[in-house]
Amino acid sequence: MDNKEQYKVRKEPFYQAQRNEVALYEAAYAARLPVMVKGPTGCGKSRFIEYMAWKLNKPLITVACNEDMTASDLVGRYLLDAGGTRWLDGPLTTAARIGAICYLDEVVEARQDTTVVIHPLTDHRRTLPLDKKGELIKAHPDFQLVISYNPGYQSLMKDLKQSTKQRFTAFEFDYPEASVEAGILSKEADIDPGLAGQLVKIGQAARNLKGHGLDEGISTRLLVYAATLIKGGVEPRDACRMALVRPITDDADIRDTLDHAIDTTFA
Ligand SMILES: Nc1ncnc2c1ncn2[C@@H]1O[C@H](COP(=O)(O)OP(=O)(O)OP(=O)(O)O)[C@@H](O)[C@H]1O
Ligand SMILES: [Mg+2]
């Protein structure tokens, strides 16, 4: 299998569109504009990009960014082995060479000196300088850069620079409206729509507590976890405590409030 095929998304991922984001992404890709996907954790950002890569039939290379990441982790480095030194492309370089969609997940986590390496790839130059190797890569015509981030979790210190932000078009995602979210749960975990609706109700109760003791409401991801546990035979109240409440709070009052909402829903 060549390098390109290995990164293709082989099976159609299930993605439930919320609005016209699929068409808008296609337009951005057609112009090879860089894309930013913002939104809270577990709301479908990664699933959307995976789906788009599948739909466009392009390879997808995903990089989970973290604060220890250096530019070399993205671009590549020389390795020492028995045969001497050997250059190894980083994921960004591979994506630029083979014409993949490169998805930098949680990009704000990376240090700013790491983020600037993407700049020449995101403007008219579409190039990537490999300083250590003395090579200038011209991005493959199919290459596109996508970044994601969760606004709100970051301190001001960790925000992206305007000169980075203003190289991207952006999608703002949020948890889907109730009927759409119930549809996602019932499809993802193969549960009946009535049960999916009950789980979504608990999710919405928790989202109303955001800012009142909760930093973030229950994500669609956690609702899928609860649905999956129930599908596997776990008693709904246990499944909800385990998947929806215990992960998101250490506060006894909030925990009791949410447990109570679960008991009422499944009374
Ligand atoms: N629109 C959607 N269509 C299908 N599944 C969805 C959708 N939104 C959320 N999901 C479900 O929620 C899960 C989490 O979504 P995803 O991994 O895309 O979150 P994310 O926004 O990338 O979160 P994070 O910021 O934590 O990485 C998916 O695995 C899927 O089960
Ligand atoms: Mg993600």
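Using N, Cα and C of the backbone, Cβ positions are placed for all residues, glycine too.
Please treat TrEMBL annotations as automatic predictions, because they have not gone through curation.
Here is what TrEMBL says about this protein:
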DOMAIN    34-168  domain 'ATPase dynein-related AAA'
DOMAIN    181-264  domain 'CbbQ/NirQ/NorQ C-terminal'
Original post:
For the domain 'CbbQ/NirQ/NorQ C-terminal' (181-264), what are the DSSP-based totals of helix, strand and coil residues?
Top reply: 59 helix, 2 strand, 23 coil
Subject >> Structural state census, the domain 'ATPase dynein-related AAA' (34-168) (DSSP three-state) >> reply: 45 helix, 40 strand, 50 coil
